[in-house]
Each structure stands twice: as structure tokens, then as C-alpha cells.
Amino acid sequence: MASLRQIAFYGKGGIGKSTTSQNTLAALAEMGQKILIVGCDPKADSTRLILHAKAQDTILSLAASAGSVEDLELEDVMKVGYQDIRCVESGGPEPGVGCAGRGVITSINFLEENGAYENIDYVSYDVLGDVVCGGFAMPIRENKAQEIYIVMSGEMMAMYAANNISKGILKYANSGGVRLGGLICNERQTDKELELAEALAKKLGTQLIYFVPRDNVVQHAELRRMTVLEYAPDSKQADHYRKLAAKVHNNGGKGIIPTPISMDELEDMLMEHGIIKAVDESIIGKTAAELAAS
């Protein structure tokens, strides 16, 4: 068996990270790759399209019911779904209580100790990425995830999050083997989106792995808790995910240490592409009425 590829999908909340990752992994499984998904998002939605489920029972919730994580067996937490993809959700505490990253740490240790990573080609971590706090950075910090793919769009906050995630990768790149595999742009149909995605990739020293076009078939599939690959395998969108999967598959060992930019540089990039205008300092703090009167 080829060496295990440990990849991770990061991205800001609501960007379509889990949808993009599950469709990409379904396409990799179509190619004959054996996949394990480890959901590291408290929403526990990283496997729903593979399992046709609302949300998979998480390791933390199952451990709480059983008494402790030591009381669990691998078959208690792992489910097998579309294309024989193995699925696990780490889970997290109730909102406002404790560190959500704790589930990530507990889960990865449990899975490793119980042989979950045997006889597979890819482990994929699906990680919340608005903030790269200690817990959510666990797959990076502990040298678990070797290739990071950031799902983003042409929206400013999605690019801001991508840059922040790159800072997290840079922090741990020298002490471990983690590298940025590239950006995946999940189209939101904003102005000059492809240009901006390519420009940000260049600034970060990486590549735009794929530009995933927006298509309503994705939502139709999601409503049925299915990937596009399963719901509409002959669709153009399914082929886009297959092309994305092929790009990821052929990208092994090609990751880079990113070169994150400052907020000012990000705003300058948006100005260069005509997305925002140069800020007139004289209008800062002025109300609409005050501006109209001036």
C-alpha cells in the first residue's frame, strides 16, 4: 500500500467546506482510494452526505454515555458510508462550555490507538477554520495533517480566514511536516472572484487547486443528504469534483510553507482589483446625514 496521505480541509464557517470536502473525498473513493473522514467541527456535519444522516454520533457524546472514551470500541464510533468511506465525528462540548478542540485531541488519540488508520490511503480532517486555536490546530500542531487545503471564496472574510489559517500553518511548518496544499475556491459569484482567488494564492506562495463553480445541484443533493457524486453522477458538477479530486491526488508532496500577508496587504489587493476603493480618511466616523450635509 502507498504511504498514508493525511490531509485536512480548513475554512471559515459557512463557506461550504464540509460539502466540498465530502464531494472531493467521494470522488477520490470512486478512484479506488480508501478513505477515512475525521470530522473536527463541533457541528458534526463532516460526514452527513456520506452517511445520509443528519449528524453522526460523536466520540465525545458516545464517551459521555459509556462513561469514558476507554469504554468505547472502534465499531461504536466508526460508520461506513458511500463508496465504503469510513466516517468518524470528534464532536465538542455544549456551546459556551469548555474547549471545542478537546474533542479533536481525544478523537485522534483514540483512533490511532484502536487501529483506525490501518489499510487506508487517505485520512481527511475536516476542521473549523475561523480561528486556529490550540484545539482546532491539533491536526497541524501534532503533525497529523500533512497537507492543508483551504476552502475559500472571493469574499473578504473568507480570504481573511484563509490568510489566518496560513499563519497557523507557518507557525508549525518548521517544527513538523505540515504544508499548504493549496486553495479551493467555492464560488459565491462575487465580483472578480477567480482573479482574487488566484491573486491570494500567489500572495501566499501557493496554488489555486480548483475553482468550484456554483450550481444548484449541490443544494439539491444536500437536501437529500447525498454528495453530488451519488445524487447526480453524470452532472457537470460531479465532473468538477472529480477534477478537483484528481488535482488533490496528484498533489502529494508538492505542498509549500505559506507566506501570509497583513490585513493592509489584503485590503490593498482588493483595491488593486477594484473591489474596494481607497479609503477617504475624512469620512471615517461620519453618519449618512453628516456626509449629506457636507
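Cβ from N, Cα, C; glycine included.
Look at Swiss-Prot and you will find Gly11, Lys12, Gly13, Gly14, Ile15, Gly16, Lys17, Ser18 tagged as ATP binding site, backed by sequence analysis. DSSP classifies Lys17 (ATP binding site) as helix under the three-state reduction.
What Swiss-Prot lists as [4Fe-4S] cluster binding site is Cys99, Cys133, and the listing cites similarity to another entry.
The ADP-ribosylarginine annotation in Swiss-Prot covers Arg102.
Lys12 (ATP binding site) carries neither a helix nor a strand DSSP state and counts as coil. Neighbour density at the Cβ, taken as the number of other Cβ atoms within 10 Å, is lowest among the binding-site residues Gly11, Gly13, Gly16 for Gly13. The Cβ of Ile15 (ATP binding site) lies under 8 Å from the Cβ of Val151, Met152, Ser153, Ala158, Ala161, Asn186, each of these being in the same chain and 6 or more residues away along the sequence.
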